[in-house]
């Protein structure tokens with residue numbers, strides 16, 4: 001089912017091209033998204049209602065979901081699911097509190113009377129997008145809201161597409177999680193128009209049809225959501241331009257082929273453009289994984305979607321000489337999710353530099369991270385893991401340098417600053433120092 005790519009004779013420079021990504025042309029989607037963003041900017045609520053009818057086939061009574069609907073959704077939660085939600089929230093919050101929070105620095109005295117410090121401050125207001133396409137990704141509520149709360153964001157809004165099945169409200173699981181997390185500002189708006197609503201703000205006849213603009217938008221979405229983020233960055237801050245999900249697994253002969261097959265399928269289930277890549281030095285393992293995949297795919301609910309993903313160009317089994325070359329491949333690929341299923345997996349994982357998240361050993365599948373590991377599942381895709389990080393508390397915080405100099409400290413450095421400014425042909429900069437010299 002998965003094609004075989006043999007790189008055993010390839011050089012390091014060629015490894016980045018071993019497995020191409022799926023075609024995900026955000027620029028092409030911009031042609032459809034720009035008019036949507038412009039319409040929301042110019043016509044506000046009227047445009048949002050038109051796009052709800054066009055794309056979601058339902059028009060909610062109000063843009064903002066009533067608080068009572070959030071409470072009702074939480075009250076109707078199945079007990080097992082409520083416990084699963086609560087445990088996921090607890091673990092994600094603990095990791096945020098103990099591993100991700102940055103604090104302001106003590107002032108650094110670079111000279112007598114010359115102090116510089118760094119103040120860490122949260123973003124003021126954020127809009128968090130939760131998709132509802134192939135599946136209602138309720139887990140994205142946790143992954144976006146919890147780090148924003150732990151960062152100290154004072155105003156949090158959530159948007160998710162209205163569902164005809166639920167009377168124009170977002171999926172009940174999404175509403176229930178918002179209630180459990182204490183988020184009361186929830187909008188039944190989806191797609192690119194939701195990103196535009198957050199970026200520009202809209203004002204209706206009352207609060208139920210109004211949304212103040214935000215400072216930053218985060219959360220996953222389809223290609224049109226990504227295009228809207230690209231279109232509106234600068235008007236509003238964004239977390240990333242995330243593409244289709246991807247999993248890479250570095251494995252040797254000690255790995256269980258059934259585990260490998262199940263994990264590859266788990267991410268292929270998301271999208272026909274999802275990437276599933278096994279990197280191994282074991283022909284025996286590769287053949288066993290192929291045998292396991294066929295019946296698993298046929299028996300699962302989303303078999304056609306998974307089969308399309310696994311047989312497309314973005315998915316493959318990559319054969320390498322040894323685990324050392326396998327590490328070169330996965331570091332060049334920079335997967336969103338990377339599993340290490342080898343002997344001495346922790347030591348191998350320590351040699352990985354480029355990955356959105358690393359899952360170590362046979363008992364840490366990507367599905368665990370998708371829901372309840374305590375880690376984030378909003379991760380860089382398409383190779384961006386070589387320079388970008390997943391969504392965390394730090395994503396919602398800003399570092400502000402505070403410069404505090406006395407008069408003597410400035411005058412001690414005046415000659416240097418004036419010389420620097422004049423060397424750059426910026427006499428106005430120099431003059432701002434000169435006018436402060438004693439007359």
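A Cβ is built for glycine as well, from the same backbone N, Cα and C atoms used for every other residue.
For the Zn(2+) site, Swiss-Prot records 267, 270, 429, and the single candidate of 209, 322, 324, 370 listed with them is 370. Here Swiss-Prot has 245, 267, 270, 370, 424, 429 binding substrate, and the candidate from 179, 337, 401 in that same listed site is 337. Secondary structure at residue 424 (substrate binding site), as computed by DSSP, is coil.
Counting other Cβ atoms within 10 Å of each Cβ, the binding-site residues 193, 222, 245 show the lowest value at 222. Counting only residues at least six positions away in the same chain, the Cβ atoms of 144, 158, 159, 160, 194, 195, 198, 217, 218, 219, 220, 221, 225 sit under 8 Å from the Cβ of residue 129 (NAD(+) binding site). Here the C-alpha separation of residue 245 (substrate binding site) and residue 222 (NAD(+) binding site) works out to 11 Å.
Here the candidates are the binding-site residues 193, 222, 270, 370, 424. The one whose C-alpha lies nearest to that of residue 337 (active site, proton acceptor) is 370.
The most crowded of the recorded positions listed here (336, 370, 424) is 336, judged by how many other CB atoms sit within 10 Å of its own CB. The secondary structure of residue 129 (NAD(+) binding site), as reduced to three states from DSSP, is extended strand.
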